[in-house]
Structure formats: C-alpha cells, structure tokens
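**Student:** Dumping the structure here so I can ask a few things about it.
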Amino acid sequence: MISSFHRPTVARVNLQAIKENVASVQKHIPLGVKTYAVVKADAYGHGAVQVSKALLPQVDGYCVSNLDEALQLRQAGIDKEILILGVLLPNELELAVANAITVTIASLDWIALARLEKKECQGLKVHVKVDSGMGRIGLRSSKEVNLLIDSLKELGADVEGIFTHFATADEADDTKFNQQLQFFKKLIAGLEDKPRLVHASNSATSIWHSDTIFNAVRLGIVSYGLNPSGSNLSLPFPLQEALSLESSLVHVKMISAGDTVGYGATYTAKKSEYVGTVPIGYADGWTRNMQGFSVLVDGQFCEIIGRVSMDQLTIRLSKAYPLGTKVTLIGSNQQKNISTTDIANYRNTINYEVLCLLSDRIPRIY
C-alpha cells in the first residue's frame with residue numbers, strides 16, 4: 001500500500017524515546033546479558049529499518065519474523081546478527097547463509113526434509129526452539145534436542161543458541177510461567193552440548209521476572225514504550241510511548257436534530273451540533289469498532305460518531321473549528337492523552353495489535 005504523504009494523517013515516531021526505553025530495561029537486567037531488539041512486523045509498526053539503525057550502538061542483534069524482514073535489514077546496511085524467530089524451510093537456506101542470517105529450527109522433521117532435499121548447512125548459524133508450553137513451534141525433550149543438535153553439526157551448522165517463549169509472563173498468576181521455566185531448565189540440564197546462548201526472556205519476562213534471565217533477552221513491546229500486560233500489571237519503571245498518531249479536520253459542518261451520520265445511519269443527532277471529518281479509516285488500521293471512542297481536538301475529547309469508513313471518520317465538535325485543526329488519535333494534546341493501551345482496551349484487544357494494524361498508508365515521520 002502506498003504511503004499517503006499528501007494528506008494530514010501521520011504517525012510520528014520518537015526514536016530517542018525508543019533508545020531510552022531500551023536503556024531503561026538494560027539497567028535492570030544482569031551485566032553481560034546480550035540484548036536482541038525485536039523489530040518484526042516493521043518494528044511493531046514503528047519502522048524496522050529506522051528503529052534498527054537508531055539502536056545499533058545499544059543492542060547485540062535483532063529478531064524478525066521471517067526471511068524477508070531479515071533481508072530488508074541487511075539491504076539497509078544493518079550488519080549485526082539477525083535472528084529469524086519463525087521457521088525457515090530448507091529451500092531458503094542458501095539465501096540465509098549468503099546474508100549471514102541466523103535461523104530458528106524447531107523440529108526433527110526439518111532435518112529430515114533438509115536431508116531429503118540434499119541441503120547442507122555449512123556456514124549456517126542456528127538457534128533451536130523449545131516448546132516449553134506455548135504450544136506453537138519447538139521441540140519438547142532433551143532427547144529430541146540432542147539429536148537435532150548432532151544432526152545439525154553433521155550438516156555443518158553452528159548451533160549458537162537455544163530458546164523458548166513464555167505464554168503468560170505478562171499475567172499476575174505465574175503458575176504457568178513457572179511450569180514453563182522449570183520445563184525449560186530441566187531440558188537444558190539434559191543437553192549433552194549446550195549452545196552458547198540460552199534465552200527465554202521476552203519484554204514481560206525481562207521486566208517482571210528478571211531473576212530468570214539466562215544470557216540473552218529479546219526486547220519487543222517495551223522498546224516502544226508500552227506495557228506488555230496492557231493495564232493488568234504496573235510497570236516497574238517508566239517508559240515513553242514512542243508513537244503518536246495525528247491528523248487534521250478536513251471538513252466541518254453543522255447538522256440538525258434527526259440528521260444521521262455514516263454507513264448504516266447508526267448515529268442520529270439529538271440536537272444541532274458541529275461535525276468534523278478526519279481523513280483516516282479502517283484501511284489505515286483505525287478499525288470500524290472505534291465508533292464511540294474519542295479523539296482529541298484543542299485539548300478536548302471528541303466522540304467518533306457514525307461508523308468508521310474505509311478512509312474517513314466523523315467526530316462531534318464543540319464548535320466550528322477551522323479546517324486544518326490538529327486531531328490527535330494517539331498521544332498528547334494540551335495536557336490530555338490517549339494511549340495505545342486505551343485504544344486496545346476499547347477494542348477488547350492488546351496494544352500490540354493496535355500498533356501492528358496501522359497500515360503503510362500512514363506515513364511515519366521520525
């Protein structure tokens with residue numbers, strides 16, 4: 001989708017805030033622990049290349065979801081380690097090796113397929129994924145991991161790391177977390193040749209369970225200034241939300257009692273009132289269920305009335321503001337604030353999703 005620079009809707013990304021957030025977390029983790037910045041999904045909508053470049057002096061490497069995301073960073077000149085967290089099939093190995101990209105291997109079936117396709121792993125750096133209870137990808141026993149490591153070495157791979165992912169590190173009840181932690185520790189203890197890097201700490205684990213950190217962490221949502229738990233747990237130290245979203249009024253009019261607004265005529269005015277149109281809609285990731293939520297105009301909360309359209313939404317105004325008046329959808333406006341978590345709570349979702357849904361049509365300004 002093309003970025004629409006010729007309309008007033010923009011996302012502003014504060015790279016300094018991201019750097020300071022990472023530094024804040026690093027102050028609370030043990031010395032000598034490696035830091036991976038998680039920049040998958042275009043750095044959670046913030047811009048993977050720009051964020052990665054900003055963090056170059058602070059981090060040891062980067063985590064992405066797939067090979068294309070890794071190649072984007074390499075093509076942008078990022079020369080530190082890049083770990084693909086998802087599964088890369090053997091037919092893409094040559095490209096990974098050629099670009100010095102570290103891959104995740106999560107099953108013995110992968111080895112069988114690599115041998116069937118006569119793939120060698122010479123020069124390939126690998127992290128082995130353990131399923132300690134997340135239930136997605138990974139091996140489930142020391143026996144399987146030992147066999148996988150031996151097989152990878154036979155094929156010429158450098159098995160640098162082993163890792164897992166916690167399902168409930170951002171919840172108050174740590175029962176499941178502790179079960180996973182003990183499972184992972186027991187599996188690691190049963191390895192005949194333990195890889196150099198062992199990591200299990202995502203953002204939530206790094207800030208609320210720092211005593212469980214091994215020798216590397218993966219910092220995702222906290223880097224961007226958001227609470228991994230949404231509103232469930234308090235942050236142990238302050239973070240700065242790095243992304244704000246703003247637009248402008250492009251149309252203002254008065255409607256009368258009985259007039260309707262938007263598709264389905266779901267809003268009917270009870271009295272004469274001013275209505276403003278803002279050029280952002282569900283094609284930008286501002287979803288249809290945001291009807292009834294508010295944005296900020298002139299330091300006042302203004303309700304979204306009528307359904308959110310593909311490209312536009314309408315808000316109730318307290319007066320006839322001039323065209324071009326700033327509208328804040330995420331961020332601060334005259335001492336008032338709307339956070340990404342506020343939006344997530346209204347949508348009954350998580351702050352991660354709100355950010356990741358902001359489409360490429362919205363230009364990012366740094």
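Any Cβ shown, glycine's included, is placed from N, Cα and C.
So Swiss-Prot has the following annotated:
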- K40: N6-(pyridoxal phosphate)lysine (MOD_RES)
- K40: active site, proton acceptor (ACT_SITE)
- R136, M310: substrate binding site (BINDING)
- Y263: active site, proton acceptor (ACT_SITE)
**Student:** Based on Cα coordinates, which of the following recorded positions are within 10 Å of K40 (N6-(pyridoxal phosphate)lysine): R136, Y263, M310?
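**Tutor:** Matched recorded positions: none.
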**Student:** What Cα-Cα separation, expressed in whole Å, is found between R136 (substrate binding site) and Y263 (active site, proton acceptor)?
**Tutor:** 40
**Student:** Drop a 10 Å sphere on every Cβ of the recorded positions K40, R136 and tell me which sphere holds the fewest other Cβ atoms.
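**Tutor:** Relative to the other recorded positions in K40, R136, R136 has the fewest Cβ atoms within 10 Å.
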**Student:** What is the number of other Cβ atoms found within 10 Å of the Cβ of M310 (substrate binding site)?
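**Tutor:** I get 10 for this one.
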**Student:** Please report the distance from the Cα of M310 (substrate binding site) to the Cα of Y263 (active site, proton acceptor), rounded to the nearest angstrom.
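**Tutor:** With the alpha carbons as reference points, the distance is 11 Å.
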**Student:** Have a look around Y263 (active site, proton acceptor) and count the other CB atoms within 10 A of its CB, chains all included.
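**Tutor:** A 10 Å sphere around the Cβ of Y263 (active site, proton acceptor) contains 11 other Cβ atoms.
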